[in-house]
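Undergrad: Provided herewith is a single structure, encoded as structure tokens, for subsequent inquiry.
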Amino acid sequence: MKMSNKLIENLSAIREQAPLVHNITNFVVMNTTANALLAIGASPVMAHALHEVKDMVNIASALVINMGTLSEEWVESMIVAGEKARERKIPVVFDPVGAGATPYRTSSALRIIETCKPNIIRGNASEIMALVDQTMLTKGVDSSVAADVALESAKILASGNNCVVVISGEIDFITDGIKVESVGFGDQLMARVTGMGCTATAVLGAFAATNPNTFQAAVFGMMVMGITGECAASKSIGPGSMQMHFIDCLYSLSEIEIEKATCILQ
Ligand SMILES: Nc1ncnc2c1ncn2[C@@H]1O[C@H](COP(=O)(O)OP(=O)(O)OP(=O)(O)O)[C@@H](O)[C@H]1O
Ligand SMILES: Cc1ncsc1CCO
Ligand SMILES: [Mg+2]
């Protein structure tokens, strides 16, 4: 089967099954990531209370953990939810937002990885490097280096934790420690909208919920992010309209658009 057909099959599975994606995410992106998940055809729920996360994981098809606005109580909820997800064998996707910006973020990210054993870790280059080299500094939540600079760190992180690592940027890299895929779709306006990376992580949750091949789900999720980003940028005059068009393009993304975007890759 052609790669584009497999991607379309994975996207159709999301739209048909509407998997429940449980997000423990940050205050900045709760609304936009819920809208992105709805637009792609998944069913989002945001829930972080310690008293309910186990029960929510119990009915979910994937768990997305994002530490963008972390606090000690939230980290406890993330760990309890992650452990329950492992027990149920549903995919866990982790976004180490701002790892490397403060020691608390870096140590919390490492603790979450250790206990929740995520299937996919998605971050920008600085965040991924900070998880491997603790002297690396991240400028808040933004990367200060290009994605390819973090590739060796991503491989080490993936091999050491038996997971798939995604580095996002102008070019995205996906690795399981041995294989490496790159995704070149996307537009620079994406980096001017807050939470595009968090949206990518949530979208990966929807792909992983409906595709047992985690590596493939990660590649497809990033391809859809990039193709949608290009579609949205072509209709936008700046970050505000970009944010709106991104949701609309995700909703209407068609087989023809996917075929057209990927035909050069066959
Ligand atoms: N210059 C660029 N050209 C093309 N695509 C880009 C560019 N910068 C980012 N992207 C895309 O935007 C999305 C978000 O990636 P980015 O690396 O900016 O995440 P992030 O830094 O974690 O963002 P945030 O913390 O705001 O959520 C990815 O899908 C990525 O491919
Ligand atoms: C800006 C910002 N600060 C904490 S989380 C977040 C959303 C993008 O990562
Ligand atoms: Mg981020």
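Backbone N, Cα and C define each Cβ position, glycine as well.
Because TrEMBL annotations are produced automatically, they should be read as predictions rather than curated entries.
The structure displayed is predicted, hence computed values, not measured ones.
Heads up, here are the entries from TrEMBL:
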type: BINDING; residues: MET46, GLY195; note: substrate binding site
type: BINDING; residues: ARG122, SER168; note: ATP binding site
Undergrad: What does DSSP call GLY195 (substrate binding site) in the simple three-state scheme?
TA: coil
Undergrad: Report, as a single number, how many Cβ atoms besides its own are within 10 Å of the Cβ of MET46 (substrate binding site).
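TA: Other Cβ atoms found within 10 Å: 18.
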Undergrad: Which state, by DSSP, holds ARG122 (ATP binding site): helix, strand or coil?
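TA: Note: ARG122 (ATP binding site) is in a strand by DSSP.
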Undergrad: Looking at the binding-site residues MET46, ARG122, SER168, GLY195, which have a C-beta within less than 6 Å of some atom in ligand 2?
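TA: Only GLY195 meet the Cβ criterion.
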Undergrad: Looking only at ARG122, SER168, GLY195, the binding-site residues on record, which one has the least crowded Cβ, with the fewest other Cβ atoms within 10 Å?
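TA: Output over binding-site residues ARG122, SER168, GLY195: least Cβ neighbours within 10 Å is GLY195.
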Undergrad: Using C-alpha atoms only, work out the spacing between GLY195 (substrate binding site) and SER168 (ATP binding site) and round it to an integer in Å.
TA: 12
Undergrad: Would you kindly give the Cα-Cα distance separating MET46 (substrate binding site) and ARG122 (ATP binding site), rounded to the nearest Å?
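TA: Their Cα atoms are separated by 19 Å.
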